[in-house]
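These notes concern the structure reproduced below.
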Amino acid sequence: MSASTETHHASEAAVPTAPRPRPALGSKSGRLHQVPHIAGLILGVFSVLVFLWSISPVLRYYVHVPREYIDTYYFDAPDTSLSWALVVALLAAALASRKRIAWWLLTIYLVLILITNVIVSITDRNVNAMVAAVVQVVLIGILVAARPEFYTRVRRGAGWKALGVLIVGLAIGTLVGWGLVELFPGTLPQGERFLWALNRVTALAAADNEQFSGRPHGFVNTLLGLFGAMALLAAVITLFRAQRSHNALTGNDESALRGLLLQYGADDSLGYFATRRDKAVVFAPSGKAAITYRVELGVCLASGDPIGDPEAWPHAIEAWQTLASQYGWATAVMGASETGATAYNKAGLTVLQLGDEAILRTREFNLSGRDMRQVRQAVTRVRRQGVTVRIRRHRDVPPEEMAEAIRLADAWRDTETERGFSMALGRLGDRLDGDCLLVEAIAEDGEIDGILSLVPWGPTGVSLDLMRRKPTSPNGVVELMVSELATTSDQFGITKVSLNFAVFRSVFEEGSRIGAGPILRIWRSILVFFSRWWQLEALYRSNVKYQPEWVPRFLCFDDNRELLRVGFASAVAEGFVTLPRFGRSGTHDAIEHTGHHAAVPAALVAAEGLHSDGSAPGEGLAPTATGPKRPEQVRVRLDKLTGLAEQGIDPYPVAYPPSHTVTEAVESPEGTTVRIAGRLLRIRDYGGVVFAVVRDWSGDIQVLVDEARVGTDRIRAFAAEFDLGDLVEVAGVIGYSRRGALSLLANEWRMTGKCLHPLPDKWKGLSDPETRVRQRYVDLAINTDARRLLEARSAVVKSLRDSLGGRGFLEVETPILQQVHGGANAAPFLTHINAYNLDLYLRIAPELYLKRLCVAGMEKVFEIGRVFRNEGVDFKHNPEFTILEAYEAHSDYEKMMVLCRELIQTAAVAAYGREIIMRPGPDGTLVEVDISGEWPVKTMHQAVAEKLGVDVSPETPLAELQRLCDEHEIPYQSTWDAGAVAQEMYEHLVEDYTEFPTFYTNFPTSMSPLTRPHPTIPGVAAKWDLVAWGVELGTAYSELTDPVDQRNRLTEQSMLAAGGDEEAMELDEDFLQALEHAMPPTGGLGMGVDRVVMLITGGSIRETLAFPLAKPRQ
């Protein structure tokens, strides 16, 4: 993935953190802690002064007296020496970075000057030398006392090579300088000209001018100093480059990284770029996580998230920070994801959003639609010119074709060197990168017009590494390659593609909008200006046209004061700023293993089967997922499972059907041969006899294994082989124990399923309600009450279906995925269909489709099915539930009232044999309640009036209703009409306190958008709600069949939805068009099946569902 990287703009606020604790080096407090910074500052200022007077004769003239005084007694200060200015600057930087070697150099240098001053003060009785000696004694004392503060080390480098470069450079500089002195000797005698050049170039002007008989022209001294500075700079760069190579990846390092990527590479799209070979790496002590980095300008720059187990990330980060502290580097991270940035932030780093990464979800990618018009037109235009696309894995590309692709990629590159660090691999055609994808645009004549190379992102993703196009290729080649990759991704198992990284995306996007503030527009203009060189805007534009998902990426750094240096170091690392290089190209380091010392813990090299060539650990040796931590009892059962396999016993055999259920076996006469199967719930071993309890869905039976019947070896095997919870199959005859208990006298048995987890307490079962929901299968296996509830539910649903079928109703199924949410006032769930690139809702009610069938002529129709409402979860609400809706032509809501009551009473008979329901009594036990006969019927306003003790009717003014609400502390919204306020009063005063099933009728018309108005009472609808024990069980309407009135009401609802009301219905034009074909007068009924089961069984909604929704484990 190619990307530009810079520090972020001012509108992106940093996340402040407490300073990160460094290793316990130095005092960390007191005045001595500041000595390195003060020493570095003083020498830094001095080096600038030396540089300035070396190039300025005017300044040199004005500072002549103090310069000579300092040069004589305190510190060398030659009149012109750029090389000495460079030396002092390097020493200042090293001191500020707390380098121990810089402390030694400065201390030894000051001691030598001190010795000189002492000798002069004694021999010449020079007061100035004596004063300088005292000052130097104080300075040396301070340095000695502050020695622990200079704790950072210098990386090992190619010292001899750097020394050779220095000697050669100085020799050349001296010879060239000698020639200059000969050309422009000034007053310098012939015999002193070579020594003058040698002193100025090589000896850093150590010899004073007074020791020579004359001097050359002034500009010659400046050039001679420049020659020395250039030689010294070349040596320093050689040393630094050697240090970088010395700490680059080794083969074992890369092998370990690839092993970690095999396990954890699916999370970070930049993970594979960690195998770039011109990076160094540091591992967590366990080897389970690692961080790759590069040091630029004293900044230890990590890239992306740590690689490996997220639980080991903090240890890897700590190791990385410790390493940086040892060498005095500032720490920074480029391109961290939100998860990685959180981990770095916890370690003390400050976080800034750097930009956004463009992610294409291939299953959602489609060229249709207005937003994709630009890409679609480009693709069509290029295809008309005969351009096709070829996609292959790198391992499938013949060597000669890969070599040609590499040649073209280099030829089409618009920069001298390959850019990229955190989001680029830096190599192409390596044998270890066989899983990478090569996408080529092939012109009609067979020539290659464009190339994309993408690296793996876990098993199902790829991340863009390289993008090239032929300068003369038609516009749209890149769009064709990207779209073809997305649309044919199924062939390669690809579901996501990471494209370019857009720095400052929010600035480009928001700064171009109408109404953007002046600061944002100015900032965008600045970025557009710099985009002429760094392609900041081009990267954003090239990505946004694909309508990607934008995923933020972050810059993490140690200290706000280091932000400028971090930004510059990032630009150097990414290739936007090129520093001078000598010798072999840096690109070579990214292709080959140039590291000499492996960073991976040595103990892991052999233990993990790492390969020195960088390939992933061998099959069977690669680190494997450890899985969940197993309790001891589970580990014991796993060991037993292994033991059974070693004995040739299949713990999960093929089926052999039992001859009887447990209940059938219990009811069989004594002596009957039976074979039963079930779960082993209890085992009691008495030596010569073993008793066990086996349960299937029908009931329990005692199994008796007698030593006299089966022998000693087999009875011991039974006791040793089985654990509680195992599924077993037992054959034998029905008989009795010595105490007369009915038992299955076992002759044969076998395991049909080994249970790896112990069952809960045999008496208490699962006592925690959340555990009962999460492990519903265990609860049903051991809890007979839970089983009875499911059996009752099955009986209720079957009764409802049979009752309606017996009345001539036809059962149908209507769509669950709907384009418009309607049929009820509720918040919907939203989903997306990739085939049509279309947002859909999970239905909140089947009503509108069932009414279409009524228009079609189905006079009696019903559906029992699942609906989904994005609402709260409590004892009577679940996000998905089962609903019954039935419609009968030439009927009304009063006839639906009779139908509803009879359906529930018949369902109660199916569950218990009588028209009764079970309700919790005062002590919590279930008691029977008779629900036979007629049920109470009240109007909604009548029920509210009874609760308030005042008259309330449909004509009651809104102000009076609001006053009553205030008086009884009932909340309402000021925008509600009288109907909405009255219904809110009903829900608070009536519904919550209703116990015996009661029908409440005549609800406000404004709250019933799909209901026919009451034929005689204005302001109310022909509707009722059935309520029992505070729960609404069902509702019924005289359906609204007037299409004009229905359109007006749904239009009002759609306006509420547009205003932000999530529960308001949307306008369903297809339904309205169907209604305009005429629908007969119809009565409609809706019942919550789950709530009917709750009513009949006395359980909560969770207890009546096989698998209620539960929060995920934290």
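The first residue you see is number 1, and the count goes up from there.
Using N, Cα and C of the backbone, Cβ positions are placed for all residues, glycine too.
For 674-751, the entry in Swiss-Prot reads DNA-binding region. What Swiss-Prot records for Asp1025, Glu1032 is Mg(2+) 1 binding site. According to Swiss-Prot, the feature Mg(2+) 2 binding site maps to Glu1032. Sequence annotations record features per position, and here Swiss-Prot assigns compositional bias 'Basic and acidic residues' to 1-11. Annotation comment: Swiss-Prot describes 1-28 as region 'Disordered'. Summarising the annotation, Swiss-Prot assigns region 'Phosphatidylglycerol lysyltransferase' to 1-618. Residues annotated as region 'Lysine--tRNA ligase' in Swiss-Prot: 619-1114. Annotation source Swiss-Prot lists transmembrane segment at 38-58, 77-97, 101-121, 126-146, 164-184, 219-239.
The candidate set comprises the binding-site residues Asp1025, Glu1032. Of these, Asp1025 has the most other Cβ atoms within 10 Å. Mean model confidence of the region 'Lysine--tRNA ligase' (619-1114) amounts to 89 (pLDDT, 0 to 100 scale). Within its own chain, the transmembrane segment (126-146) is flanked in space by residues 32, 35-36, 39, 69, 72-74, 103, 106-107, 110-111, 113-114, 117-118, 120, which lie at least six positions past its ends and keep a Cβ under 8 Å from the stretch. Note on the transmembrane segment (101-121): residues 39, 73-75, 91, 94-95, 127, 129-130, 132-133, 136-137, 139-140, 143-144, 147, 150, 154 of its chain, located 6 or more positions outside it, place their CB under 8 angstroms from a CB of the stretch. Taken through DSSP, the DNA-binding region (674-751) splits into 14 helix, 48 strand, 16 coil.
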